[in-house]
Amino acid sequence: ESQLIIKERQQTTFQVEELINLLDGGKEKTALRRSIEQTILSDPLMKTDKIGYLTREQKYVQSVRRMMYFFTDLAKRNKWNIEDPHCPEMLFLSRSLSSVVAFMIHMGAFVPSISSFGTLEQVSKWQPLAKECLIIGCYAQTELGHGTNLRRLETTSTFDRNTQEFIVNTPNLSSMKWWPGDMGKSANHAMVMAQLITNGENHGMQAFIVPIRDMTTHKPLPGVEVGNIGSIMSLEDTDNGYLRLNNVRIPKENMLAKYANVDRSGRFQQTGNNRLMYASMMNLRIVLTREQMIHALQKACTIAARYSCVRKQGSLTPNGPEIPIMDYVTQQNKVIPRIALAYALDFTIMEVRHRYVQFLADVTRGDLSNMAEMHAISSGIKANASERTVAGVETLRRACGGHGYSMASGLPYLLLSVTGSCTYEGENTVLYLQVARYLIKTAANISMGKSVDGSSAYLAENTEARCSATSQEEFYDHSLLDACFKHRSKQLLQSVAMDLQGLLAEGKQQMEAWNLLSIQLVNSAKAHIERYIVATSASFVRKLNCSLKVKKLLNQLCSLVALHQITNFPGDFLKDGYLDSHQLDLARKAEVKLLQSLRHNVVGLVDAFDFRDEILGSCIGAYDGNAYERLYDYAKNDVMNKNDVHEESYQYLRPHLHRG
Ligand SMILES: CC(C)(COP(=O)(O)OP(=O)(O)OC[C@H]1O[C@@H](n2cnc3c(N)ncnc32)[C@H](O)[C@@H]1OP(=O)(O)O)[C@@H](O)C(=O)NCCC(=O)NCCSC(=O)CCCC(=O)O
Ligand SMILES: Cc1cc2nc3c(=O)[nH]c(=O)nc-3n(C[C@H](O)[C@H](O)[C@H](O)COP(=O)(O)OP(=O)(O)OC[C@H]3O[C@@H](n4cnc5c(N)ncnc54)[C@H](O)[C@@H]3O)c2cc1C
């Protein structure tokens, strides 16, 4: 173990294990997680080859082999409850698997959407088959021509009264399903989202289970053309596919009919709120925020923080001893705010998940009153967490200098895989505009004197016109920081709501006016969600039952998240004079002081994320800090070095060389 990292750990002022337990949700949960990780990582059939050494095809094959074994054997033998996406086992699983893997869409989207859209009878028919992996499914919503605008999906499902079947068809090139994970080569069933047509009338998007491959030969069924879409930026463990359906007939029972059905005569009946067809996406947005975004940020923080403590370069005195790069304040400013953000997002998503589980219970009772707010929060958190994670991982990668550019650091892999999260499960701008839609409606309600509650209640509160801070210390106070974020959000919303009214009064159409103001609308949505993160993470910490030391530390992290945002994007806080330039200077000084006070706990804070070395997959971020030994080992084992003289040199170099 590197002496430098030992020294860092000696400086830690709190019990790392306490924080680990807190992040897992209790001591028993930590034990459960570690035992899952141990079982998975010690099983030879779950082993993966080193990232960077496999071809695209090898990655897919390895992933299918591992995950089929995992679902049909390992998880069962260990009696892990992997049925519910919010159960502890499922929450810990993605960490242990360490990359996005095959059958995540099968388990994470196909299986849950059966219960989201299916009647009890349909759920009892399809879910056991899918959970046991007796059938493999995908979630086929996006088409070549449309991903965002679901109203304009072109795949049709037309009811044939004579045969009591649906005819599912992708009538043209742009209607082909395009992108769904697990679809290209693995899935034998697809959850196809299509326009329902009965008796010549279009009733909008509904879900249909369409068998696409023969259950014995695995060959595409008649009328089905299916394949892989080709190389993508990363995430090559899965087979994102295309699917063309040429008037494929499926039984009437394959339309999932929880909220709408078609009777034998073809009469359409809506039995539930049609927004619920969209609502299933909330679940995946919340699950992915934690599993793909926050975990990626935590891993990148772990790598960059440990490496920054063992990498020495330069000195703070002329000819003095070299210092770890973590002692530079600019380095602290790259690493520590990202650690703080990783904590704040984790606390926030725990709260969001808790609210979502309550929301589901409400829905079961027929109460949809929280749907609009839940949709705004889940969309906004997904957009904000993915955007800040991608930016954060890239900052951390650059913070590791040259070695951050090597695949050996693990950082390029994290960056490439997480960048997709800004697009899938709802493109971020589009999601922010959904948040803005909710905010504009809220502003209208407030102006009509209606009461608003939940995450937007503050929009109806009176706030001070100016921030009261006169000292640096006040900028650590959560309620003062929250007031800054509330004010910014309120002010941005009021301003865009007024501009919208102005354009409408001038005679502009609603959609045109909306488009003209959409940059402001996105900014307003961001401000609302960033305030939600600042407020939710601070209140989460306030309620925690933990040691004073840990509470103090977490409070500091929450302050840092807010301060870093103010000092880096001060415009909207200064715009109407809420903060003045003197206060901004105080905030900047407060931030530097906070960075320095958190400096000696940096390694402790990332150790508390508790990622085992096998899961981190980084030569420079391993627990023992032996970065250079590992980098050398990585280079020695590179495939290009298997022979001292590369074959190509005989062919292309030697004929030209001067041979003395
Ligand atoms: C953008 C919209 C919302 C547009 O639809 P629209 O009907 O034109 O929109 P609108 O008129 O503005 O609003 C309609 C209304 O529907 C509501 N709504 C919209 N979405 C939801 C929701 N999720 N839950 C609950 N309610 C929702 C909105 O709030 C609107 O309500 P309102 O009219 O205001 O009362 C929607 O179609 C959409 O969500 N598009 C994004 C598509 C998407 O997320 N696809 C994901 C595919 S699966 C995937 O990517 C998996 C990857 C995973 C992996 O690889 O790991
Ligand atoms: C790795 C990966 C996995 C995926 N897995 C699946 C899957 O399993 N199943 C599935 O069905 N799909 C899947 N998708 C598809 C994904 O959900 C869509 O790509 C995503 O929803 C974005 O839609 P789009 O591609 O139509 O983007 P577009 O909507 O075409 O976005 C392009 C640009 O247009 C802008 N734009 C579009 N509409 C508006 C608007 N109304 N207002 C303002 N700007 C707008 C966007 O902001 C963006 O800048 C996956 C995609 C990826 C990358």
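Positions of Cβ are set from backbone N, Cα and C atoms, glycine also.
What TrEMBL says about this protein:
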- 16-136: domain 'Acyl-coenzyme A oxidase N-terminal' (DOMAIN)
- 138-248: domain 'Acyl-CoA oxidase/dehydrogenase middle' (DOMAIN)
- Thr142, Gly181: FAD binding site (BINDING)
- 278-440: domain 'Acyl-CoA oxidase C-alpha1' (DOMAIN)
- Glu425: active site, proton acceptor (ACT_SITE)
- 480-657: domain 'Acyl-CoA oxidase C-terminal' (DOMAIN)
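With respect to Cβ neighbours within 10 Å, the recorded positions Thr142, Gly181, Glu425 differ, and Thr142 shows the lowest count.
Gly181 (FAD binding site) sits 12 Å from the residue listed as 'active site, proton acceptor', taking the C-alpha atoms as the reference points. When pLDDT values are averaged over the domain 'Acyl-CoA oxidase C-terminal' (480-657), the model yields 96.
A straight line from the CA of Thr142 (FAD binding site) to the CA of Glu425 (active site, proton acceptor) spans 10 Å.
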